[in-house]
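S.K.: What TrEMBL records for this protein is below:
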type	residues	note
TRANSMEM	67-92	transmembrane segment
TRANSMEM	104-122	transmembrane segment
TRANSMEM	143-163	transmembrane segment
TRANSMEM	169-186	transmembrane segment
TRANSMEM	198-216	transmembrane segment
TRANSMEM	222-240	transmembrane segment
TRANSMEM	252-270	transmembrane segment
TRANSMEM	276-298	transmembrane segment
Amino acid sequence: MDSGATTHRHEVDEGSGLPEVITESSLDAKPPWEKALWKQQPYPDNYIPPSFLSSLRRNTNVKQYKYLPLVLSTCAVTQHLAVIFIFIGTFILLNRDHVDPTQLVWACIAAFPAGNIVWEVMEWRDIAAATKKERRLKATKSSILVLLILVTITPVLKTLTAATSSDSIWAFSAILFCLNAILADYSAVNPYSGKERLTSVLSMNAAISASVVLASRLASNLHVFALVLYAVQLFALFPLLRQRIQYRASRLLRTSLTMLLSCFATAIFVGLHARIAFLIGAILLFVTFGCPALFIWAQKFKNELKGPWDPAIPIVRQGAL
């Protein structure tokens with residue numbers, strides 16, 4: 001082909017429906033194309049200029065994460081999963097009569113003031129003394145009310161699933177605990193904002209429901225009362241305390257709490273089944289260290305394209321309002 005030959009391009013003429021032949025010489029004769037719909041330009045409607053992709057931007061708003069901060073962020077997830085495993089292990093021990101329910105009740109009673117002390121330490125700088133006194137009184141009344149309600153409804157809970165097979169109970173409880181883990185609030189936002197997420201409430205309800213149906217398979221009313229009281233502390237009170245620890249405490253304290261709960265969850269199952277204990281330990285290790293590494297690896301496949309075709313984002317100055 002002759003090097004001096006004229007290069008041809010075909011564009012569809014919207015008026016006639018026939019392709020319009022556009023040569024380099026004709027393009028040079030025309031004014032440059034402008035991105036303005038209100039102007040009448042000598043170009044077809046489907047004309048694509050050569051500079052169309054010149055303003056293409058890739059991954060401009062993508063945040064690059066680092067491994068160690070991600071590991072620290074997974075501590076809340078690991079703690080929550082460890083609490084679920086601890087509760088399941090405690091239920092198995094109660095069901096096999098390896099744990100005295102009276103001792104479990106006293107352990108729950110002792111854990112309440114201990115958790116209250118940690119709570120006070122976490123918020124002693126943020127809340128006035130009068131407000132603290134009012135909250136203590138309200139918390140004490142609520143605790144007594146919960147105890148009285150549990151004592152009253154324990155005989156009813158004991159016979160709640162009498163006509164249901166155990167296999168159905170195990171499957172239903174597993175589904176509810178999965179919902180609890182999925183819907184739980186793992187964020188480190190300000191716990192004093194007063195905004196409670198709907199998902200966190202649904203998560204707590206799922207865990208308490210699973211605990212109730214499991215408790216109904218136990219031998220006596222005392223067993224049922226002990227396990228439900230234990231569930232209230234683990235799934236209703238501890239998440240609130242954990243959120244404050246995550247927001248206020250140091251990295252060392254959060255890491256230590258994660259290690260303590262993980263070791264306790266694994267140790268409970270060591271005496272029950274060594275393989276299950278190994279599996280639980282592997283799950284907790286993978287969530288803590290494997291998932292952040294997998295997320296970092298997947299970042300290289302992130303491909304966010306932005307260009308002039310995207311909707312414009314208005315920039316509002318603070319002084320203009």
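Glycine residues also receive a Cβ, built from the backbone N, Cα and C atoms like all the rest.
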S.K.: Top stretch among 143-163, 169-186, 252-270, 276-298 for CB pairs under 8 A with the transmembrane segment (198-216)?
M.R.: 169-186
S.K.: Taking the transmembrane segment (276-298) as the first stretch and the transmembrane segment (222-240) as the second, find out whether 3 or more Cβ pairs fall under 8 Å, excluding pairs closer than 6 in sequence.
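M.R.: No, the transmembrane segment (276-298) does not contact the transmembrane segment (222-240).
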S.K.: Go through 67-92, 143-163, 222-240 and flag the stretch with the largest number of C-beta pairs under 8 Å relative to the transmembrane segment (169-186).
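M.R.: The stretch I would name here is 67-92.
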S.K.: Between the stretches 67-92, 143-163, 222-240, which wins on the count of C-beta pairs under 8 angstroms to the transmembrane segment (252-270)?
M.R.: 67-92
